[in-house]
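Residues annotated as pyridoxal 5'-phosphate binding site in TrEMBL: Leu103, Thr104, Phe131, Pro132, Ser133, Asp134, Asp216, His219, Tyr241, Trp272, Thr300. Taken from TrEMBL, the feature N6-(pyridoxal phosphate)lysine covers Lys242.
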Amino acid sequence: METSYDYALSLDAADPLREFRDQFVIPLREGREQIYFLGNSLGLQPRKTHGKIKEVLQQWSDWGVEAFFMGEHPWLDFHEKLADPMSMVVGALPHEVVVMNQLTVNLHLMLASFYRPTGKRFRIICEAKAFPSDQYMLETHLKFLGFDPDETIIEVSPRRGEHTIRTEDILQAIKTHESSLALILWGGVQYYTGQVFDMETITKAGHAAGAVVGFDLAHAAGNVPLRLHDWQVDFAAWCNYKYMNGGPGAIGGAFIHERYHGDPSLPRLAGWWGYDASRRFKMEKGFVPDRGAAGWQLSTPSPLQYACLQASLEIFTAAGMPALHEKGRALNDYLIRLLESIVREAGERAIEIITPIKNPEKGCQVSLLMHRKGKETFSALQQAGIFADWREPNVIRVAPVPLYNRFTEVWQFADCLRRML
Ligand SMILES: *Cc1c(COP(=O)(O)O)cnc(C)c1O
């Protein structure tokens, strides 16, 4: 029986990635491992992270500032060591990826380079109800440039009575505003509903309309397959503390397609860390960007942050993205099948899956709209040692992830829901 616990056990036994869980610290309560379904919010700590941080502290002790250049792993080499595996996660060439700052900062920086309004073309298309930081970023960036956000931003919403945005409606908005469109700034995966957007199609349509297309990949990096280079995406930015497990406030990431790397007309907000690396320490006047995405860096990065991200990226490299995506899909399919059987029993008036489950690419997150007993169910989950999250007014989000979650955990979650409803 698919809905039996034994079946879940058999899925765990057949899981080729099952041993990766041991590389993470699983939160305990009264000595019992909890079920952590919040990898979409703050990914768990890799066991290696501790050692990597200690190594940086030791380097600092041993060398002081010379640690940038000396020892077995000089800090200056860190960036390249991270850009390589990071580029594999987002489907880019290594020199198209830079690890720097944090997400919202990077979005401002990307807009400084890629939002180049002209008299006629100045509008920006984005999703309605994007993550608040993205909304505030866009609103204030536009005001800073002297634009009226209400005149400039075109938001695309779900249709009345629907929870997610249809691709056809995004394409229609692009067509409608074709002549005034400068930029499309869209999410890879919607944080509230878990909807995975068709980034390739949006990029194609945006380019056909003569616009630049950029993505916020906060919920996409480390979650769904990405091919930023092949899709011809212009730029992207993401954080590394969600599916990427880089730790709280982890250093962020950005992608700039290589076709822009040699374009001196592209404006940018620069700092010395983005200066031509071979001559950075000559301290000369006049900004000369480093080659590739690295030329968008500004400030001296923290080797402590680099170390945290490295611990995580080594695990992603060892597991391999195709295997991770395959298990992510399997966990998600299994969760949805169990949820569908609960919906059949409890009825759609009790619980509704708002994540589009028929999309070819679904990602790890599932969002449940609780029409009744929402808060009670959420407390019951907490009591049962299941970390899920509650979003007002009545949505429970869970994200079983391939690196450290098990099929039996998905079963236990579904079992708890079934009992409540
Ligand atoms: C998590 C998240 C953020 C957070 O931005 P920070 O600058 O890292 O605090 C922004 N946008 C989206 C879409 C997110 O999911």
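Any Cβ shown, glycine's included, is placed from N, Cα and C.
Mapped onto this structure are the features recorded in TrEMBL.
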residue: Leu103; record: pyridoxal 5'-phosphate binding site; DSSP class: helix
residue: Phe131; record: pyridoxal 5'-phosphate binding site; DSSP class: coil
residue: Asp216; record: pyridoxal 5'-phosphate binding site; DSSP class: strand
residue: Tyr241; record: pyridoxal 5'-phosphate binding site; DSSP class: coil
residue: Thr300; record: pyridoxal 5'-phosphate binding site; DSSP class: coil
Asp216 (pyridoxal 5'-phosphate binding site) to Lys242 (N6-(pyridoxal phosphate)lysine), Cα to Cα, whole Å, comes out at 13
Among the binding-site residues Leu103, Asp216, Tyr241, the ones with a Cβ under 6 Å from any atom of ligand 1 are Leu103, Asp216
Cβ-Cβ neighbours of Phe131 (pyridoxal 5'-phosphate binding site) (radius 10 Å): 18
Nearest to the residue listed as 'N6-(pyridoxal phosphate)lysine' by C-alpha distance, among the binding-site residues Leu103, Phe131, Thr300, is Leu103
Binding-site residues compared (Ser133, Thr300) - highest count of Cβ atoms within 10 Å: Ser133
Determine the C-alpha span of the pyridoxal 5'-phosphate site listed in the record, that is the greatest distance between any two of Leu103, Thr104, Phe131, Pro132, Ser133, Asp134, Asp216, His219, Tyr241, Trp272, Thr300, in Å to the nearest whole number. 31
Would you mind checking how many other C-beta atoms are within 10 angstroms of the C-beta on Tyr241 (pyridoxal 5'-phosphate binding site)? 22
Fewest neighbouring Cβ atoms within 10 Å: which of the recorded positions Leu103, Asp216, Lys242? Leu103
